[in-house]
Amino acid sequence: MSTTQVTRALFDEVMVPNYNPQQMVPVRGEGSRVWDQDDNEYIDLTSGIAVTSLGHCHPALVKVLKEQADKVWHLSNVYTNEPALALAQDLTRETFADKVFFCNSGAEANEAAFKLARKYASDHFSEEKNEIISFVQSFHGRTLFTVTVGGQPKYCQGFKPVPGGIHHAPFNDLDALKELVSDNTCAIVMEPVQGEGGIIPANPEFVRGVRELCDQFNALLIFDEVQTGMGRTGSLYAYMDTDVTPDILTSAKGLGGGFPVGAMLTTDKVAPSFNVGTHGTTYGGNPLACAVAGEVLRQINRPEVLEGVVQKNALFNSELEAINAKHHIFKEVRGKGLLIGAELVDEWQGKAGQFLAAAREQGLMILMAGPNVLRFAPSLIIPDEDIREGMAKLEQAIAQLLSTAEAG
Ligand SMILES: *Cc1c(COP(=O)(O)O)cnc(C)c1O
């Protein structure tokens with residue numbers, strides 16, 4: 001038996017240093033509250049980066065997970081299973097999609113989407129039609145292909161050579177996109193609201209224009225809804241609140257409510273290009289993951305939950321505006337539903353990390369989206385009292401940071 005004490009310090013000893021987690025270790029969560037090893041309580045406005053969208057340990061999810069745990073855990077794709085089929089049926093019924101491919105993460109869902117787009121173009125047009133266009137500041141995952149499609153070159157540094165045929169246009173700039181798109185474009189991929197890039201919503205006219213360009217050049221439109229999907233912006237998927245329908249949509253994060261699962265959704269037109277043997281993953285469609293995701297979908301896809309997201313957005317905005325009226329710390333508050341970004345004023349740009357640490361000291365968990373933006377992505381069913389209490393803690397954290405800055 002190991003006698004090592006499991007503390008935050010152990011992380012630096014035994015973990016690959018690609019993360020630098022906060023100086024506390026959460027051990028328990030319930031709803032929008034989390035407790036650390038010393039039993040300090042936190043209000044969680046992160047949901048593990050837009051993942052635990054029904055809060056921690058939602059009783060309905062715990063029940064489904066435990067029931068499935070007593071039935072069957074894993075079968076591989078040599079056999080299909082009931083939870084995967086039921087989830088695929090639900091997703092196709094509730095969305096534009098006719099067909100679903102399951103995997104385990106957002107990056108894998110996007111990897112599948114990009115491969116499918118190339119395969120489809122190769123099947124129906126030519127091998128030369130292989131170019132993928134995405135947008136500056138976009139984020140699509142960390143595999144070599146998805147990180148290259150993402151529009152943040154710093155994440156590719158040191159990993160060259162990277163896959164070719166990938167171009168980036170400025171976001172929300174249709175004219176720039178027109179310069180890049182051609183008959184060799186097989187797909188354009190976009191986030192309806194750029195998440196990691198700073199919580200930047202796409203303009204409605206831009207979204208329409210991207211769809212038109214895709215149609216004009218026989219390119220597929222891929223919506224990366226890994227962060228915006230599953231109710232996060234107030235509709236089941238964010239595309240539903242636009243005038244357009246994508247050809248491929250990727251979902252992960254909130255899909256499993258905390259159980260790792262990803263999905264790529266597409267149409268009967270496109271799906272056949274992934275014929276038997278062309279793509280796959282061992283865990284894809286895992287019964288535990290799909291049973292939980294099925295329940296997440298049932299819980300979230302209800303008018304009262306989705307309308308609640310819109311109402312809670314308004315509460316967040318008014319609370320953040322009140323903080324700003326006092327402290328003049330935000331340049332802009334933006335986002336959609338419960339994916340909210342507060343961009344720091346110029347003096348504080350680059351310092352979002354300090355706010356995370358200061359919030360933690362006050363018993364509050366928040367996120368950043370790049371170095372200049374505080375991000376809030378709480379449970380979609382967070383009680384209004386928890387939002388108010390969380391915002392009170394945020395104000396304390398800000399007041400504290402501002403007073404030490406003045407003193408220093
Ligand atoms: C988080 C995220 C991904 C990557 O998902 P992983 O599960 O971390 O691989 C891809 N796209 C978007 C928009 C994301 O927010």
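In case you wondered, yes, glycine gets a Cβ from its N, Cα and C as well.
Since this is a predicted model, take the numbers as computed values, not measurements.
Neighbour count (other Cβ atoms within 10 Å of the Cβ, all protein chains): 11 for Thr282 (pyridoxal 5'-phosphate binding site). Residues annotated as pyridoxal 5'-phosphate binding site in TrEMBL: Gly106, Ala107, Phe139, Asp224, Glu225, Val226, Gln227, Thr282.
DSSP assigns Thr281 (N(2)-acetyl-L-ornithine binding site) to coil in the three-state reduction, outside any helix or strand. Note on Thr281 (N(2)-acetyl-L-ornithine binding site): other Cβ atoms within 10 Å of its Cβ, all shown chains, come to 18. As annotated by TrEMBL, N(2)-acetyl-L-ornithine binding site applies to Arg142, Thr281.
Under the heading N6-(pyridoxal phosphate)lysine, TrEMBL lists Lys253. Counting every protein chain shown, the Cβ of Lys253 (N6-(pyridoxal phosphate)lysine) has 29 other Cβ atoms within 10 Å.
Shown in sequence order, Gly106, Ala109, Asn110, His140, Gly141, Gly195, Thr250, Ser251, Ala252, Lys253, Gly262 are the residues of the chain, 6+ apart in sequence, with a C-beta less than 8 angstroms from the C-beta of Val226 (pyridoxal 5'-phosphate binding site).
Among the binding-site residues Asp224, Glu225, Thr281, Thr282, the ones whose Cβ sits under 6 Å from an atom of ligand 1 are, in sequence order, Asp224. DSSP assigns Asp224 (pyridoxal 5'-phosphate binding site) to a strand. Put simply, the two farthest-apart Cα atoms among Gly106, Ala107, Phe139, Asp224, Glu225, Val226, Gln227, Thr282, the recorded binders of pyridoxal 5'-phosphate, are 25 Å from each other. The binding-site residues considered are Gly106, Arg142, Asp224; of these, Arg142 has the fewest other C-beta atoms within 10 angstroms of its C-beta.
Closest to Thr281 (N(2)-acetyl-L-ornithine binding site) by Cα-Cα distance, out of the binding-site residues Ala107, Glu225, Gln227, is Ala107.
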